[in-house]
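Record features, source Swiss-Prot:
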{"type": "TRANSIT", "residues": "1-68", "note": "transit peptide"}
{"type": "ACT_SITE", "residues": "Ser226", "note": "active site, acyl-ester intermediate"}
{"type": "ACT_SITE", "residues": "Asp316", "note": "active site, charge relay system"}
{"type": "ACT_SITE", "residues": "His348", "note": "active site, charge relay system"}
Amino acid sequence: MSVALFCGPPPAVSFGCKDGRGRKGMVRSKDIVRQTVKPPAHACRLIGWNKYPGSVVPTNSSLSPSPTALDDEIELDLSPFLIIYKDGRIERLKGTTVIPACPEVATKDVIIDPATGVSVRLYLPNVVDLPSKKLPVLVYFHGGGFVIENTGSPNYHNYLTLLAAKSGLLIVSVNYRLAPEHPIPASFDDCMAGFNWVVSHSAGPAPEPWLARHGDLTQILISGDSAGGTVTHYVLLRADAGVIEGAALVHPYFLGSKRLENQTEEDFEFHEKLWRLSTPDTEGLDDPLINPLAPGAPSLAGLKCKRAVVFVAELDFLVERGRMYYDALVKSGWGGEAELVHQKGVGHVFHLSDYSGDVSVDMMAKMVAFLRGE
């Protein structure tokens with residue numbers, strides 16, 4: 001097990017989505033990973049949407065492009081997330097850096113499904129003083145639009161290290177497969193598998209000693225931000241009754257076919273394009289996987305938890321969808337306790353890159369209080 005010290009937030013990066021300006025002013029991350037994996041056929045068909053400025057690099061048919069020029073031809077541009085080139089490369093522009101598992105709390109990675117490569121990263125707070133104490137368990141699903149990020153991303157690793165230290169919970173972060181190489185529902189299936197893997201430790205031999213020795217499996221909570229919030233809802237509908245104590249949905253990535261007043265046309269079209277790339281068999285933005293309030297979607301009365309909190313941010317493209325979800329949950333006849341936390345002056349997942357600001361500190365305090373049941 002590798003050991004390191006939690007060093008605070010990563011260097012600030014200018015991402016428009018974090019300050020309410022959409023994608024304006026975006027800069028590319030320096031940590032670019034080029035993957036020589038041919039994307040699925042559906043990803044290439046999306047080039048028909050050539051109404052987005054800059055999404056395709058035109059070529060001169062009268063010239064024979066050099067290998068270098070061909071390498072740079074773009075099939076589909078989904079900045080600031082990823083770019084797909086005509087030669088099959090996928091270039092992820094952010095969310096690719098991986099830092100080793102490390103404690104201030106103890107951390108380690110465990111592969112839970114060798115066939116798919118799905119793994120989890122565990123965060124165990126200091127239990128030296130109380131070695132026999134059982135800790136509530138939080139299963140966490142990271143965000144990234146289903147196409148970027150991982151459990152080793154600096155933002156997520158640092159945030160969950162801090163959350164484990166402050167809350168005293170044993171955290172299990174699920175590293176699911178990403179689209180477009182692994183189209184949805186792969187990510188949903190992987191997260192459900194990660195959740196079930198944790199639950200399995202309550203019945204019979206436990207393969208993971210940290211969970212067996214230190215996890216209170218009568219106190220399981222789940223949470224996720226952005227796309228991870230979408231997955232959290234998915235798991236809540238499919239878990240066995242009585243297993244999940246509470247759920248925290250942070251800036252959940254819920255969409256819909258109707259553009260809301262706070263959503264620009266540019267952002268709306270971008271996220272529709274991203275969803276169709278990730279989910280080739282989708283019927284659109286009213287797919288119940290991404291729109292829990294769509295006609296035919298399962299009733300929110302069926303959520304399998306006792307308590308739920310929904311965090312929304314004033315400058316977030318998704319703020320109204322989050323509020324609508326909360327309102328629908330309250331009116332659904334669901335028998336649990338629901339809470340809405342609306343934070344002003346901040347944008348989407350601001351808390352992952354700013355730990356010291358007043359709003360971030362307040363959000364952490366509210367999250368810790370919820371997880372502890374205070």
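Quick reminder: no glycine exception, Cβ is built from N, Cα and C everywhere.
What you see is a predicted model, and the numbers here were worked out from it, not measured in a lab.
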Residue pair Asp316 (active site, charge relay system), His348 (active site, charge relay system) - Cα distance, angstrom, rounded: 5
Separation of alpha carbons, Ser226 (active site, acyl-ester intermediate) and His348 (active site, charge relay system) (Å): 8
Proximal but sequence-remote residues of the same chain as Ser226 (active site, acyl-ester intermediate) (Cβ under 8 Å, at least 6 apart): Gly143, Gly144, Gly145, Val250, His251, Pro252, Tyr253, Leu318, His348, Val349
Other CB atoms within 10 A, centred on His348 (active site, charge relay system): 26
Packing count at Asp316 (active site, charge relay system) (other Cβ atoms within 10 Å of its Cβ): 23
